[in-house]
Amino acid sequence: MTTLPGHDIDATTVVPTAARARLQEIDVLRGFAALWVMFTHYIPHWNDRLSPIQVVIPNAFGIYAVQLFFVISGFVIFMTLDRCRSVSDFAVMRFSRLYPAYWAALLLATLISVFVFGEAFWSGGVLINLTMFQEFLRFPHLDVVYWSLSLELAFYLNAAWLFALGWHRRVRMVVAMWLLGACVWALTLPVIAPGQEPQRDWLALMFALDFAPYFAIGIVFFDAMKRAWSLSRVGLIVLAIAAEFLMRGWNGVAVITVILLLFFAATHGYLRFLVSKPTLWLGAISYSLYLIHRNLGYQMLDWLHARQVDVALAVPIAMLGALLLASLLTYGIERPALARIRSWYRKRNPIERRDREP
């Protein structure tokens, strides 16, 4: 069964063939998104050191890939909820997917930074960041890419209480209320707290309001895949675009429209030509790649530059190094830990397999 790194369904569930094919296309899309984030982080180093040849890609473009991650998360998390029988099922699946790789990436990056690159060790920072709740505690991220994990956690916590109330099956009502709340927040924040960055607003963090349109699109796409497209579901997509306009203007509308079209293509079989062993591998390591690439990559690039290694060689070396480390984390820690945690949980909570294929 193909699963999305960081966003998978219950291992006890058998996914129908058509849905499995769609998951593969989404998985590939996620792999390319992680690669794009790494590319946008490394290119400024290229431009700084190789002035005759400039690659004009603003670093901010990397966030567009993260917004795609949020769409994928909305889709897959509600697919997961649809197959869970309890909040504990959901909690164990999320913990087993996210935390082992995160802990390993954080500790590995810390050890390499201290013992290889001579960085100072900050025990308090490491301990707080190990919780993954540092944003909620207003504590600095040891790696800036962790910011998106805070929003993912907020989304998961909200998904958990929706599941506990049984509201996860009332998808259209929940999404409509969430998006309307995001619209009200976008309109009132500049008045209530002028000049405040959206990501520093506590309400926005707790309910992932700043990126609600992207999570919502993923949820609606799953609901449409499970049932069918309808006027009300299309209306929710329009509402998501309207909410994004209130937050980020026409630039936001352009970005969310492109992501929407990409996701439509992935969930309707139009990206099947991208599915291959290499692209599925890239999708498989995408979570670890996202976690490990930035800080260690920057340190590697600086280390190579100090030794007069040409940037045209240094950047590919750093990229290959990040891909290798991500592969080691994925197949050496992430997947074995996930299997063991879920095996332990299933032994204590035996359930019948559901959604069997005919």
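For all residues, glycine too, the Cβ spot is worked out from N, Cα and C.
Keep in mind that this is a model prediction, so the values were computed, not measured.
Sequence annotations record features per position, and here TrEMBL assigns domain 'Acyltransferase 3' to 24-330. Marked as transmembrane segment by TrEMBL: 28-44, 56-81, 102-124, 144-167, 174-196, 202-222, 229-247, 253-271, 278-293, 313-333.
Long-range contacts of the transmembrane segment (102-124) within its own chain (CB-CB distance under 8 A, at least 6 residues past either end) are made by residues 130, 132, 142-143, 149, 288, 291-292, 295-296, 299, 303, 325, 329, 333-334.
Below 8 A, the CB atoms of the transmembrane segment (253-271) and the transmembrane segment (229-247) form 3+ pairs separated by six or more positions in the chain. The transmembrane segment (313-333) makes no contact with the transmembrane segment (144-167): fewer than 3 of their CB pairs lie within 8 A, with pairs spaced 6 or more apart in sequence. With respect to Cβ pairs under 8 Å, the transmembrane segment (28-44) is most closely packed against 56-81, considering the stretches 56-81, 174-196, 202-222, 229-247. Summarising model confidence by region, the domain 'Acyltransferase 3' (24-330) averages a pLDDT of 90.
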